[in-house]
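Under the heading substrate binding site, Swiss-Prot lists R97, R107, R135, D224. Summarising the annotation, Swiss-Prot assigns site 'Important for catalysis' to Y142, K192 and lists sequence analysis as the type of evidence. Swiss-Prot lists D224, D248, D252 with the feature Mg(2+) binding site, giving sequence analysis as the kind of evidence. The NAD(+) binding site feature in Swiss-Prot is assigned to G282, S283, A284, P285, D286, I287, A288, G289, K290, N291, I292, A293, N294.
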Amino acid sequence: MKNYKIVLLSGDGIGPEISEVSKKVLKKLSRKHNFNIEIIEKLFGGIAYEKYGTPAPDETLDQCKKCDAVLLACVGDIKYDSLARELRPESGLLKLRSALGLFANIRPVKIRKSLVNTSTLKKEIVENVDLIVVRELIGGIYFGKPRGHITNTKIPKAFNTMVYDSAEIERITEIAIKIANQRNKKICSVDKSNVLEVSQLWRDTVLNITLKDKNISLSNMYVDNAAMQLVRDPSQFDVILTSNLFGDILSDLAAMLTGSIGMLPSASLNNNGPGVFEPVHGSAPDIAGKNIANPIAMLLSASMMLKIGLNEEEAAKNLETAVDKVLAEGFRTADLADGSSEVLSCSEIGDKIIDEI
């Protein structure tokens, strides 16, 4: 029997509620598929700041480095917005990514048949959407230096630097190639090479790396056009490869094709060592504690963790199938309610999914 150790970071807002559902689901899966899973819970985000004065305590980061995978719920709350930037819950995410060397963010966007009518776009536009956004995570304008404010002038200024080296682009391209080879072997690289030198390097490097794999079909698209095409004809995409800033924007745009951001998981990976698996949605403090949050994105993130992080593919498939069955039977959380479905609480839909496993 295999033994796994994961760190669970419940974080803020609805995090504890969806984490509780995830713990129950993982325990059920471990019994059914004959593996042991030790779940170590640590403070992270705003709740960690309240106790330790930092959103990412050293103890939490050290434990994350030692585990097989990290399952993260969500962080943040408007009450922390007045803190210095490095003390806000969201900065803890940057510290976690840096500590684990997580350079690749993988975000699947798939329309589940039972939810096709929840999208704000027409059914015929979204019904065949099944794409993955591969986003470079620790480079680009979010991390580039120099950066800062100039306030001792008549007109205040602020500046950031978008910078990539070819090695950073090469390694994220290799991740995209690996994923594309498991799918339809199509990559669309998104940049702004008509005006940005950094995007010119991006395009050249991606081309050079993909040419080494004759199975891969590469196309290029400017980011403004990519945003338009994701709304006009999203099913044309299979694997979208892009930089940190562009990926941040496009992945959220793609998320809303599904009708609810509460349905989408993600994974942040490195070449070796534990990855972080987390839902796309935020902490939703306005509904925290009401037991009405949608836990499915968290559960699908757990499924990605099982498949990618722990190599328990059968358990991952079992969980996804259970989710689909519950949705097909017409059960929904409030964010997915369509008037004809039965609306369940966070814990109730979790119990339904457990029953289907």
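Every residue, even glycine, has its Cβ placed from backbone N, Cα and C.
Feature map: Swiss-Prot annotations on the structure.
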residue	record	Cβ neighbours (10 Å)
R107	substrate binding site	23
K192	site 'Important for catalysis'	20
D224	substrate binding site	12
D248	Mg(2+) binding site	17
D252	Mg(2+) binding site	14
G282	NAD(+) binding site	16
D286	NAD(+) binding site	9
A288	NAD(+) binding site	18
K290	NAD(+) binding site	13
N294	NAD(+) binding site	25
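In this structure the alpha carbons, written CA, of G282 (NAD(+) binding site) and D224 (substrate binding site) are 25 Å apart. DSSP classifies D252 (Mg(2+) binding site) as helix under the three-state reduction. Between D286 (NAD(+) binding site) and D252 (Mg(2+) binding site), the C-alpha separation comes to 20 Å. Neighbour counts were taken at the CB atom with a 10 A radius for the binding-site residues A284, I292; the maximum falls on A284. Taking the Cβ of Y142 (site 'Important for catalysis') as centre and 10 Å as the limit, one finds 15 other Cβ atoms among all the protein chains shown. The highest number of surrounding Cβ atoms within 10 Å, among the binding-site residues R97, R135, is found at R135. The separation of D224 (substrate binding site) from K192 (site 'Important for catalysis'), Cα to Cα, is 8 Å.
Residue pair R135 (substrate binding site) / A288 (NAD(+) binding site) shows a Cα separation of 29 Å.
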